[in-house]
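Taking it in order: structure first as structure tokens, then the write-up.
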Amino acid sequence: MNIQEVARLAGVSISTVSKVMNGKAEDISEPTRKKVLKVIEENNYIPYAKYRKKEGLRSGLIGLIVQRSNTNSHELIMSAEEVLKNRGYQLLIRMLDDDETLDDAMRQMQKRNLSGMIINTEESTFYQDDYLKTVYLSDTGRFDESQKNTFYCQRSEAGRQIARMLLSAGHRTIGAVFLEQERGILKGIEEIYREENLSGQMINYYIGEDMADIQRNGMTLCIAEDVTAVVCGNVMITGCVVEYAEQSGIHVPEDLSCVCADDEKILECLCCGITAVRYPVRRMTEDAAEYLLDLIEQKRESEIVRKYLPELIKRNSVKKQNAGDFAVKMVIVGSMNMDNLIEGEQIPLNGQTQIAKNIICSAGGKGGNQAVGVSRLGGSAYMIGRLGKDADGRTLYRSLGNYGVNLEGVEFDDSSASGKAFIHIDQNGENTIVVYRGANENLDGCQLERYKVIFRKCRYCLLSSEISKETIAAAIKCCKETGTKVLLKPSAIEELGEKLLNGVDYLIPNEMELGKIISGDQTLEEKAQELLHGGVENVIVTLGKQGAYLKNRKYSLYFPSAPFHAVDTTGGADSFISALAVALSEDKDLIYAVIYAMYAAGITVTRYGVQEAMPDKNTVGIYREEIDARYHRMMKQISG
């Protein structure tokens, strides 16, 4: 169109058009002036762009800047074009390559006499233009806080939805494979794991530079032996994962669940249909385009920020884990004793005779107590130990079986009586214990070898020191060979050799036991540090009413005690180690696991006895909010 055509359509002379557009229309009537302006606007007459802006006239041309690497770019463009066409506008598209800057693209687009602009990039950006109305589309959620007219969907929200679904299906250890631009998905997964107090180490992830990098290095890392589900950043990665799994004899979803954090038609046909996340690209783009046109036509100020949630498209690629599939098994190697509880006002000193107020006989022993503690809290406990062929042995065996403990590793001894413990309890609930090992002393490395298959299917081994040091060493050797983590309560050991220390993942003494292991005037922290130098991975010192202390290569932390009043502290230590193991087996963060264990032990010491005093999962669950609050406070203090 040229000036002659404008004059013809308006029914005026060329000079009249020129006067109107150059602001020299004093002698021209208002109706004639409006008629000329209407023709220019309706026909998008470009040469007078500056005057059009001044007069607030619309060109009818909307610019769209979109990242070329955006996998949803086609749907985005089609959605915007449909809205604009229906309202009489045209779309000018500018694809932004990875090596181009948004500033360059904006400068080029601003030369085109646009009425408005839609910007979709992964950059956080904000452009202020008095004439050019602009809206922003973001699928990362990163944008300038002053950027009001933004329509966004966060990739992290897709990760959160995926994580919730997999956790509810019983998956804990998962793989995740992404390109760098998909890292936000991983952020969402990690957020949910933190909120559920699960260790981030259970997410085996790989961020690849490109698809070749992912194929070379990402597959073996993310499809590890204990991984039950894999999250893929896009459709191409999903195809690679499925292909690699099939080549390895792993079938989706029978052996491995799979989720794609994007959705395309092909996923409906891949395997049995891959569960995926669908971003609300069409709805978000349509709303943004409609809003932009309202801004232009109604000449109002920008004042909206609107968030959209991705949609989880459930197909058939996520298999629900049976409780037996993901409940982590724990082997307990230790003593089983018949406990004789003697209650009195004081614990007798040398030469003293005390009158007992009460005597209670019950099943006990460090190993037996810990096995019951694990089972009561929902863990799968496998006991390995030795009993005498006597009435006490039969009672102990039957009692453990009633608590649901697996007893295939328990043997009866022909030559020794069952172990016994004599426990003196004073009026404050404090105690001293004398132990007769009996048949426990005959538990040896040969018996452990006979039941090595139990170690192979267990992630954690709970060891107590009422058995011989040689047996403890043999158990640690079995754990090293089978990849089982060791938790050791050193109650009856005055010296730990380097051979034992090197195999202990969690050493859990009380303050007195720590002093026996490492004598001298060092502080508690210095003694714990010395144990780390000796090869222990984590030292957790229980401090009774003062709480607990954790020392490892990352933390040196004191924990306040749980709010309980003790009447019998006999089972507190066994309850603590059992609860700690259960929490760790559920992939809880170590700090959370310590707090959880303190509450379980706190409940135990408010009751008389040991095994019968161990809390079940529901009882500890009553304090879930308190435990969570303590954990989050501690994490905030650590990070702050």
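Each residue, glycine too, has its Cβ placed from N, Cα and C.
Heads up, TrEMBL stuff is auto-annotated, nobody curated it.
Per TrEMBL, active site, proton acceptor is recorded for ASP574. The Cβ of ASP574 (active site, proton acceptor) has 31 neighbouring Cβ atoms from other residues within 10 Å, across all protein chains displayed. In the three-state DSSP reading, ASP574 (active site, proton acceptor) counts as helix.
Note on LYS366 (substrate binding site): other Cβ atoms within 10 Å of its Cβ, all shown chains, come to 30. The feature substrate binding site is assigned by TrEMBL to ASN337, MET338, ASP339, GLY365, LYS366, GLY367, GLY368, ASN369, GLU466, ASP574.
Non-local contacts of THR542 (ATP binding site) by the CB criterion (under 8 A, 6+ apart in sequence, same chain) comprise ILE508, PRO509, ASN510, GLU511, ALA548, GLY572, ALA573, PHE576, ALA601. In three-state terms derived from DSSP, THR542 (ATP binding site) belongs to an extended strand segment. The annotation ATP binding site is assigned in TrEMBL to ASN510, THR542, LEU543, GLY544, LYS545, GLN546, GLY547.
Note: THR570 (K(+) binding site) has non-local neighbours ASP339, LEU341, ILE423, ILE425, ASN431, ILE433, GLY609, VAL610, i.e. same-chain residues 6+ apart with C-beta under 8 A of its own C-beta. If you look up TrEMBL, you'll see ASP568, THR570, THR604, ARG607, GLY609 marked as K(+) binding site.
Here TrEMBL flags 1-71 as domain 'HTH lacI-type'.
Most Cβ neighbours within 10 Å among the binding-site residues GLY368, GLY544, GLY609: this distinction goes to GLY368.
A simple way to gauge crowding: the CB of GLY547 (ATP binding site) has 17 other CB atoms within 10 angstroms, across all the protein chains here. For the substrate site, the Cβ centre of ASN337, MET338, ASP339, GLY365, LYS366, GLY367, GLY368, ASN369, GLU466, ASP574 serves as reference, and the other residues of the chain with Cβ at most 8 Å from it are GLY334, SER335, MET336, ALA363, GLY364, GLY419, ALA421, SER464, VAL610.
Across the domain 'HTH lacI-type' (1-71), the prediction's mean pLDDT works out to 72. The shortest Cα-Cα distance from ASP574 (active site, proton acceptor) to any of the binding-site residues (GLY368, GLU466, LEU543, GLY547, ARG607) is found for GLY368. The DSSP secondary structure for LYS366 (substrate binding site) is helix.
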